[in-house]
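Notes for the one structure printed next.
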């Protein structure tokens, strides 16, 4: 069990370095100046990072045939090349890179994140079969801290050379994921757990540490107010301590195992194939058992184990795909355009908005696992598709609230969209495993999240075209009119996603009803 917990700590550390693409605004202006490119071409570079997810399924295939530590190292090396060459370009060690070279390097760097995420997801799902949503939620919440951690390092390294911040961001993006990958490689493995002892105490400690880490990150992000009380170096040391704290759980578990030499084994997990549900229910005994069969390799209940080809032919997949597209992806597009949206409203504190969205995104990713921990075995628990539908409803209202030009509405909407986007991202990992199984999870989930670059391109270009129609002779736009039509369209699409989520809930209701009863 100590190795089981240590693998989660390793996944947590990996996720804390998996959000390197969120640092793009820190050095984008310097890239723009060196390449002499337009704003549209610069936006396409931001899209290139998301487009790397289109080939994320390669990571899933690799995870099926290669050790997880090797998959992790491959992804980290891709990031080293993608960000490292750009770093050499900014520091004039490479004197000539064309726009398309930089585009390709950004694409490669974006793809590297998929490899790291795939390994983290597989470890959380396979090694914690009975608590997968809790494990996934805790580990993925740390991805929102990536920008905070790198910024703290940059603040310390460039305290006397602020003009070199862009180069330092790229250097950290290239070497830190590889460093963490080497550190955690020995503990990253799929342990093929068929039985698991009761993990409530360990997760309770993990929740306390994670929430405390998030609160600390939010407080130390309130600059310059906090900088006088807590210098940059002390802020970084504090963050490192919080990142190390989760290791107390596997250490305590190791000590307990050493002294007790025994485990409290939970009952065997079971699988329910919904496609056979109606055929198998013929007798009262079969009604009670729901026609389930035991499968210790799978580790927990899933509707069916299918590969990517069969998945693409299922209506449930396409419902799920568009729910994600009109939900989490739409939220990410809004957050990517947050700076431009703030500028059109005459809002100058853009950094506070970014900090707000990041902090609420952190807790948004954590909340589903907290609710799963508290209520998953309760009769009041609802299915994951229904949870997504309930999450999308306030997000729809947030887009329409943006039609009000007040700064308060901008703050409220950004907070709502941040927390809802984070929550859907976290829930989707477990939902992919439950709907389509775990044997091909790496490939299946990377196909699902391929909608992110698709949505980034479509929704981002739509917003840009509508913005261009409102531009003045100087090529700029001010006022609510700049994004008014965009917010209406995004709100309607989010409402459509809410309806599709309820349809998916109705189609999978029998499975989730049995799952709650079976727990």
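Each Cβ is built from the backbone N, Cα and C atoms, and glycine gets one as well.
All TrEMBL annotations are machine predictions without curation.
These figures come from a predicted structure and were not determined experimentally.
The feature domain 'Nodulin-like' is assigned by TrEMBL to 4-251. The transmembrane segment feature in TrEMBL is assigned to 66-90, 102-123, 169-189, 201-219, 231-252, 317-335, 355-374, 386-404, 410-436, 448-467, 487-504. Taken from TrEMBL, the feature domain 'NFD4 C-terminal' applies to 300-513.
When Cβ-Cβ distances under 8 Å to the transmembrane segment (410-436) are tallied for each of 201-219, 386-404, 487-504, the top count falls to 386-404. Using a cut-off of 8 Å between Cβ atoms, the transmembrane segment (386-404) and the transmembrane segment (317-335) share at least three residue pairs, counting only pairs 6 or more apart in sequence. Counting same-chain residues at least six beyond the ends of the transmembrane segment (355-374), those with a Cβ under 8 angstroms from any Cβ of the stretch are 22, 131, 133-138, 140-145, 147-148, 200, 203, 207, 210-211, 214, 217-218, 221-222, 335, 338, 387, 411, 414-423, 425-427, 430.
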